[in-house]
Amino acid sequence: MSTLLNSVPNLGNPSPDGRGKGCGLSVNVPNSQSLSLHKGFSRVLASTQITISPKDSVMPIPNWRFGKNDSRNRENRLNHAFYHMEYVVGKGYKPDVVQATQLLYDMCKSNKMTKSIRVMEMMVGSGIIPDAASYTFLVNHLCKRGNVGHAMQLVEKMEDYGYPTSIVTYNSLIRGFCMQGNLNQCLQFVERLMQKGHEPNAFTYSSLLEAAYKERGADEAIKLLDEIIAKGGKPNVVSYNVLLTGLCKEGRIEEAICLFRDLPLRGFTPNTVSYNILIRNLCYDGLWEEANKLLAEMNGEDCSPSMVTYNIIINSLAIHGKTQQALEVLEEMLRGPFKPTAASFNPIIARLCKEGKLDLIVKCLDLMIYHRCNPSEGTYNAITLLCEEGRVQETFSIIHSLGSKQNSSIHDFYNNVITSLCRKGNTYSAFLLLYEMTKYGFTPDSYTYSSLIRGLCMEGMLDEAMKILCIMEETDHKPDIVNYNALLLGFCKSQRTDLSLEVFEMMIEKGYMPNETTYSIIVEGLAHEEEMGLAAEVLKELQMRNVLSQNTVERLVMRYDLEELPI
């Protein structure tokens, strides 16, 4: 590993495309067998605050919310705003607080959690104290992504600044703990909250009950609910809906129906969600008569069929090959008050593609466009089921027709389709379509190749992902640092950090300049393989060589509880 660290090039003046002259340093990749050091390091709690003396001027951030509405352009504008904010703060100015807060929200919504945390750090570092809502929003998104440790630290920050933490914020943490599958830890955390004077609410109970049935089964969840009630807790119908879901997932539909019928005796009226849970399972089991009886009961003001109800019925009919009935339900929904989404059309399109009914596929897509329903990733993946039937040209023709009706350029549209397929593990179809696209003038770019690399890695085809770089070089499309980083990340996510180190060696030998993302990926790859000691050693050395920013070091230390790093 020391040779890896010795290969760190001088990052003082990196070239724009990530390439530079070969540094002439050799990298000896350690055997994966040697990546084992002692574990069990103590937790390091670190402050995210950076002390910068702000100037009086407030500098605005370029508006990233206006412009072309395709995903690629939106992402580029969002990244541009982020880097501009970094520049402003780096010069000692304060960013506009309203814009900075909105940037935080939009980064979270785009699942750019690392940059979201960095925005929060820059706000604090420039002298802006974000409001409690900003902290809570970020805490919630961190917990949804499984990063509960960092979320807890943000809550501590929130309290340090004098904001009383509400049960809403704590419920986000509880939900995060439950997602990690440790019910005992959840229950202990709730006990500590009660000792601090916080009363659990129905949302708290629902999270605990969901964790209980996932970890220990529906019977244990029912037992836990009885204990909650015995201690004075007040669940609501949502809590019982969790139990209905647990019973249905275990195939105990009759018991679920009995509990459903008993709800009025327990003081609760079933809601639309209660009905949807049962109707979904009855339909998927082909029990149409029983499902229709429940559907007929949904005629009250507080309990009427929702768009979710229609989508459940459409999906189940399509799965069972009843496409005509599914289309009839779809048409009924379109006559009602609901605005359809791609989720309403996709199951029918998928079934028609499996059956090879091209005319009906086109009609369904035309109906979709007529109702101003934009295609989704699921739509593209549904259409490519035609590829499995050997009808690649027809698939491309339909995709091309959809692209001509979009606001974005056909190049961006093709890239979005390829990315969507790769993200859903449909990389083979992505390659088939890509071949057809190139016949009609589409030239793959760095973004296209990175999508293919990520898709191949996700499907475990690591050798094939490596060959993408060779193909790029053979076609005079030189790989850039983004492509190498995609390959590194794919190998690390596949628990093959040893291979990622080989790729790192190849990068250096070919004169490509690693960037901060490159080094972060390697550290995180070691951490994901539970080589915490080695990850800490590498991170400490990279910190000393000033190739990682202080904020990146702090983020990695806190996320993976790395030991003995002066942050």
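Note that Cβ sites are derived from N, Cα and C of the backbone, with glycine treated the same way.
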Match it up for me: which of 1-25, 51-75 does TrEMBL list as region 'Disordered'? 1-25
Reported in the order helix, strand, coil, what are the DSSP residue counts of the repeat 'PPR' (341-375)? 27 helix, 0 strand, 8 coil
Folded-back contacts onto the repeat 'PPR' (166-200), same chain, C-beta under 8 angstroms, at least six residues removed: 135-136, 139-140, 142-144, 146-148, 151-152, 155, 158, 207-208, 210-212, 214-216, 233
Mind checking which residues of the chain, 6+ beyond the ends of the repeat 'PPR' (236-270), have their Cβ under 8 Å from one of its Cβ atoms? 202-203, 205-206, 209-210, 213-214, 217-218, 221-222, 225, 277-278, 280-282, 285, 287, 302-303
The answer for the repeat 'PPR' (341-375), taking Cβ pairs under 8 Å and residues 6+ beyond its ends, is 307, 310-311, 314-315, 318-319, 321, 323, 326-327, 330, 333-334, 381-386, 388-389, 391, 394, 398, 401-402, 405
